[in-house]
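Enquirer: First the structure, which I've put down as structure tokens, then a few questions once you've had a look.
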Amino acid sequence: MVGLVKLDCGVQHYDWGKVAAESFVAKMKHETDGTRKYAELWVGTHMNCPSRLLSGQLLGEYLRDPGIANSFFSPEHQSNVELRSNVPFLLKVLSVQTALSIQAHPNKKLAEKLHLENPSKYKDNNHKPELIVALTPFEALCCFRPLQEILSLVESTKPLKTLLGNTAVVSAKESEGDLIEGMMRVLYSLNPEVHTKALREHAAAVSAKGEAASTEDRLFLRLMSQYPDDIGCWMLYFLNYVQMEPGQGLFLSDSEPHAYLYGDGVEIMANSDNVVRAGLTPKWKDVPTLLEMLHYNTNGLERAKYERYRAAEGEAWEVQCYSPPRRFTEFSLYRLEHVAQKASETCVNLPNIGLGFCLGGEGVVNGTHVAEGDCFAVPHGPLKCEANGRCVLFVASTNDGLPEQAHI
């Protein structure tokens, strides 16, 4: 029986990525090219950047073999040919230097509709819930702020207040969500020249404050320097500004607005590359779709956060399972970190096929030596990890029968 298969995984060199010397992605690939940006390492079977065995065979092709399926997939999934050729999740390492777009991901029904109507922009028909775990201090915008916080920030941001006009006035007849949606629709309906003038006016006012500028205003200047005159710069006054430490995480359901701003992290998502954008990007934007699909509630952040689990004194391994709500069956993510200086082992039970990598140090996984940068696929069932020093592993599997937001 195969215990582990090592993989050759591809890299995406997007403009927002980091230079090699500062990038976890480049570190994983042992690359030092100073002329390229390293943004994402993909581990999975998605058609845009499929992983291969070291022999060159596509992982999806390898998994279609019925004999392989018997060991890698749970009994419930062994007969599912579609699953065998397309693992239901996509695992990534991200290195973010400049902000990603203001975006959200469609639910399954909307993804099917968008793919049917515009397959050149929405290239698959799947939804894309996702979860990010910080490897370094990590910054993001995520979900709408509490309404009173939004109104307070708008009140202190005069050009923005002028743009919004009466839509930023609370009405007893409107719900919080309706009020926020109304502000978004007004903001995105205005002429670009009007926005440019207001953005520059606010940037000048913030610059004049110097050290007295607020955290939000300093972030505004940073975004303006990266994406000059972009309407997305206003969104930081509406979305929660989140600063995560290593091991903390965020789960983003469909239709939740967000943007990653800076840092390195491990990301797990359903097997899709569908993104609906509305700012902080030179790429194509689909504002009408985004405004129609967004969740305009103000309690999303509290539901999205995961705190880091710390090993108790004397424990050799720090093992945490980041498990989304049960209705999202496609993925869960395990962090296994050896924190002792002596040899020890740990074991978790994977509900289905696992894809993973070693992010630091070295160890033995299911009897095979792995070191920093190694990516791999492992069968469902017991995952045995051994180490005699530093070893940091992340392994993704499905979310069958796991407790929500669990640690083991």
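Quick reminder: no glycine exception, Cβ is built from N, Cα and C everywhere.
What you see is a predicted model, and the numbers here were worked out from it, not measured in a lab.
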Enquirer: GLN103, HIS105, GLU130 bind Zn(2+) in TrEMBL, but which of HIS13, HIS30, HIS258 does that record place at the same site?
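Expert: Of the residues offered, the record points to HIS258.
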Enquirer: Taking the Cβ of HIS105 (Zn(2+) binding site) as the centre, count every other Cβ atom within 10 Å, in any protein chain shown.
Expert: 25
Enquirer: Let me check the 10 A CB neighbour count of HIS258 (Zn(2+) binding site). How many other CB atoms are there?
Expert: 25
Enquirer: Do you know offhand how many angstrom separate GLU130 (Zn(2+) binding site) and ARG277 (active site) by C-alpha?
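Expert: That comes out at 16 Å between the alpha carbons.
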Enquirer: Provide the three-state DSSP residue tally for the domain 'Phosphomannose isomerase type I catalytic' (4-147): helix first, then strand, then coil.
Expert: 37 helix, 39 strand, 68 coil
Enquirer: So if I measure Cβ to Cβ from GLN103 (Zn(2+) binding site) and keep only same-chain residues at least 6 apart in sequence, which ones fall under 8 Å?
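Expert: Correct list: PRO257, HIS258, ALA259, VAL275, VAL276, ARG277, ALA278, LEU290.
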